[in-house]
Amino acid sequence: MNYYKGNKTEGLTPITSPWMLELLQNSSLLHSLLDNYGSPINIHHLPSFNKNIKKFQQVFRAKKVDAQIFYARKANKCKGLVKEALNTGIGVDTASFKELQQSISLGGKTDSLVLTSAIKTKDQITLAVKKQIPIVLDNNDEVELTQQIAESINKNALIALRVSGFLVDNKKLYSRFGFDIEKVKEYIVENFVTTNKCKNLKLKGLHFHLDGYSTKQRAIALQTCIDLVEELHQYQINIEFIDMGGGILINYLADENEWIQFNKKLQDSVKNKEESLTFNGTGLGYEMIEGKLQGSLKTYPYFNKVNSESFLEEVLVNDFKDSSLSNSERAIENNIQLRIEPGRSLLNQVGVTVAKVAHRKQDAKGQWLVGLEMNMSQMLSSSADFLLDPFVVYQEDVTSNDEAVSLYFTGAYCLERDILLKRSIKLPKLPEIGDLVMFVNTAGYMMHFFETEAHLFELSTNLIYKKLDVNKAPTTKDFINDDNL
Ligand SMILES: Cc1ncc(COP(=O)(O)O)c(C=O)c1O
């Protein structure tokens, strides 16, 4: 074996799928891929994507509720995943002109696409109306613009209204998006019933997407939307679907205890001004103010007992209900299709990022810095750090003469802060130039969301991986460059 996970003990061990381990064991294949496509590469495993789709479908099927999944492609830009989503019969949530246009050219249609962009330009709306793709409208200006465009091309537009401001435990959930749930009924009656202001708009659905990861908030938001659907029946308005957006939590970590211990150690290291756990002692959200530990961990919650299917299940069951029926039972009763727009959770275990070691050095503090042929934007979390131990694939075996080393991986941008992971990574020996580092489970938001071309660096190559023969070891032929799809 010539691959090792960083931090054999006291680490944050990622859940690592068999397909990832198979690649780690096949270092000659990984080297060939990097030789062919440069460093870093992103590898996407289609069967894992498919598995995630099936798991969500199974939850809905068990509840016997009409449902559709729309893969939120903003989480990853690959065409291969969009194609796979459409081939398996689920839809795709698009959030820009190009995402919409490309998804249409990959086979997306009225039932399999939705447009949810935060800013909707005329060209997006025109394309969506022409192709009869439902548009989730956020505000009155968008409603008026869509009405104008639809009327000018003599078509009807299919629309849903995004709503927000749900009351949970007597507190209103703030969002910059959507119509206020407390005022939207009045708005609908005024614009869709008592006047013909929206004569070219067919109101098909309600939509919400909540910040954060509370199942309770989602369950109550769904319940409130179903209440609204029922109230609208008296005005002969028939809402066909409620879209609950994304934000379904996933679990990245194999061991809850490691997560608890890491949190404790991080707090202690901030208190004691220690620098061995994180780069230059960064607290990842914790800091000492006037001698007291303040703040909280500002990262994704990497360990979650309730995740993926069980998360969705909690929203559908709704333990917080004020009626005797669950959310899914009420959806069935009202003939409502339930929709979700998962991004990250459909990409769970779908991708890895692999880069090559370029140099090793010791800084003035004596810390080892290992430079990789990649930059921070090619694996960047929106939160304070990506808290999963990486794997190193050595070219030469580790022997009993080798010395363990703690190090930080650094990237190619000219910024002091291009430290790829803020946690110190302990390895059985110092990597050599040309050794490989694999970061696992990076497909959701980590690869593309913040990727930039500063210094004119090439963007990473994205490979779509599906074995041509499942019984054989993978070869380079099983990997297709997403640009060529
Ligand atoms: C409207 C909407 N739908 C779906 C998603 C996908 O969310 P996630 O990747 O957390 O599932 C987002 C993410 O920002 C969103 O804004």
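The backbone N, Cα and C atoms fix where each Cβ goes, and this holds for glycine too.
What TrEMBL says about a protein is an automatic prediction, not a curated fact.
The active site, proton donor annotation in TrEMBL covers C414. TrEMBL lists 49-267 with the feature domain 'Orn/DAP/Arg decarboxylase 2 N-terminal'. Summarising the annotation, TrEMBL assigns N6-(pyridoxal phosphate)lysine to K74.
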Protein Cβ atoms within 10 Å of C414 (active site, proton donor), excluding its own: 8
Spatial separation of K74 (N6-(pyridoxal phosphate)lysine) from C414 (active site, proton donor) - C-alpha basis, Å: 27
Under 8 Å by Cβ from the residue listed as 'N6-(pyridoxal phosphate)lysine', counting only residues of that chain that are 6 or more apart: D93, A95, E99, G343, F449
Model confidence over the domain 'Orn/DAP/Arg decarboxylase 2 N-terminal' (49-267) (mean pLDDT, whole number): 98
